[in-house]
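Let me begin by presenting the structure, written as structure tokens, before commenting on it.
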Amino acid sequence: MARGLRFLVLILSVASICDAATFNPISDSHRSAALELFTPTDGSLKSLEETFEALRTFEVLGIDKKSEIKGYTCPTVVDTLWSPSSALKDLFQALRVNGVLKCELNDEVFAGIASRLKDNVKDANSLLDLHYLIGSLKLIKGQTAEVDVHLEDADGIFRAIKALSQSDGRWRFSSNNPESSTYAAGIALETLAGVVALASHDIDQSLMDTLKQDILKLFDGIERYDDGSCYFDEKLVDAQGNWGPVSASSSIVRGLTSFATSTPESLNLPGDRILCLAKFFLGIGVPGNFKDLYHQIDALASLENNRISIPLILSLPSSVLSVTRKDQLKVRVNTVLGSAVPPLSVKLMQIFTSGSKDASIIDQELKFDPETKLHVLDALPENVDVGKYTFTFEILLHDPEHKKIYATGGRTKVSVYVTGVVNIDQAEIAILDSDLGNVETKKRLDLTGENTIALSANHLQKLRLTFQLTTPFGRAFKPHQAFLRLRHESGVEHIFLVRSSGKNFEITLDFLGLVEKFFYLSGRYDIQLTVGDSVMENSFLQPLGYLDLDLPDAPEKAARPPPQPVDSSSKYGPRAEITHIFRSPDKRPPTELSFAFLGLVLLPLGGFLIGLLLLRVNLRNFPSSTLPAFFAISFHIGIAAVLSLYVVFWLKLDLFTTLKALGILGISLMFTGHRTLSYLASTSAKLKSA
């Protein structure tokens, strides 16, 4: 239970701090994720589309992988561009990859592709086909200046794409598909930007004005979060399920910035719209799949350099400040990719207390440190004590012309947690008389150190615990958690909430009214106090000692204590070693008798050897030829081996092992004995015939 309470303190603290919305520029975490997610399979990436997404992501993040990818990708790019049967999508993706890798291709290849694409533009009737055709021509224009890719009927193509738009600013993928899509709107804007860039003459101004109105209608349907971020939602889901807020918003940003680059005219979009989209992409953190990571990085790169408005992101290196350590408030201002910003100032305008709408007017400019590129406030305002606050900042650009280029978003609100060491005073625990409330036993506690108090009480008495909590500035402090826990020696636990009144915290337990809650269990109760808060640096879970409680006997119908959970270590832990008790060995005969029996067993062998000597055995018939002699010697060695096996069996071998060895030796004896006896029989027959 103690471990559970510690976990509860930690969870509530972390959850409270994580409520603050923070928007930080791209970091090393994104680079690590890119290297992990864009991993070649079997020596290469799965497709040219994925290869471009990897190259684009690596390029924006400053990761050098071109030379590695170029080796296994350029052959595929060249084959795709040379093949007359390549699909439009494959040509488009190959040209995108070639724009980054610069594979070895001549102008003749580009000229052939451009001619084919121009012929197909006239017959294209779907948005994706037009996107691949126009996009490919625009890519060729960027990769070679020797090929003519201009569109003669740019107005007609513009009208054909515009005919697929809807009244709410979204687009259809084709005239046969009534469903409109936000993702398609981004593709349409990017394709129209290509038409404007490839047009041999200026596009009809009425078409451009109508498109600007469509863009404004599209932004009317934007979704917003309370933290100031916004996004485009996608209601139409493709067959692969790859479209969502990230991909749809990225498509809009890519199309919008491409169109703004292709035309010198202003789109009249407020800068806060661009800033809130940037906050959305930064707020999603590090995506877990390569598609969302590419969409995030590509969108942020498009916002980093665009003609509409470049968003400036205000962030805090640390949103947790300690008044005990006298931390300084530090603010960083960067672009979405962490680049340097023009000369500017940061002002702290207001401070809101958590849960209150009242604000303190500060209007104080932070000092800029040119070495760290941070805006610093040396000391927090006097009215800032331990707690949760919302700081309101304002970015002021020094050059008025920069207001047309950068988007600051007006005032920016950031959640800040001010922590500190809370003072704990006048901690006492006492046993009171139940009737008059007189103090019978009182002991002081040191809640910052160790306590080993021992108390005793019965059901006619009360237990009272009191203490005070104040902030470093002497104000009353109310933590998120203040619990008193009593744990019986049987494992039954009881937790009580300690209530406060200003600085004072007090809890009184009347045991007469708690006998049923305590299940009439007398005995020793361990006492533990838990006080914790996300801004309290000295949160604690403190054992105070124990209470020897004497309660009356339980009635027959009284509730019984609930069964206590079984300790998993005792249930699934290692078992005690099992000691086997074998049957005691049988009695054996005396050693002298055993040796006498051994002598009787060996006696026939001795008689056999003596008989051989008396019979004057000779070896004249022993084979003299090489091969028969070898078999004869092997036969006698085999007999000796069998005899030796019997001896070893008697000493230590078991029956099964002995039989296996005897089977092998028996086969050898049978073979060598047969050859030896055959030789002797043959020799004897020759002597008789002679």
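In case you wondered, yes, glycine gets a Cβ from its N, Cα and C as well.
According to TrEMBL, the protein has these features:
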DOMAIN    26-304  domain 'Ribophorin II N-terminal'
DOMAIN    426-549  domain 'Ribophorin II third'
DOMAIN    582-682  domain 'Ribophorin II C-terminal'
TRANSMEM  593-615  transmembrane segment
TRANSMEM  627-649  transmembrane segment
TRANSMEM  661-681  transmembrane segment
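With DSSP states grouped into helix (H, G, I), strand (E, B) and coil, the domain 'Ribophorin II third' (426-549) comes out at 4 helix, 75 strand, 45 coil. Across the domain 'Ribophorin II C-terminal' (582-682), DSSP helix (H, G, I), strand (E, B) and coil residues number 78 helix, 0 strand, 23 coil. Mean pLDDT for the domain 'Ribophorin II third' (426-549) in the predicted structure: 93.
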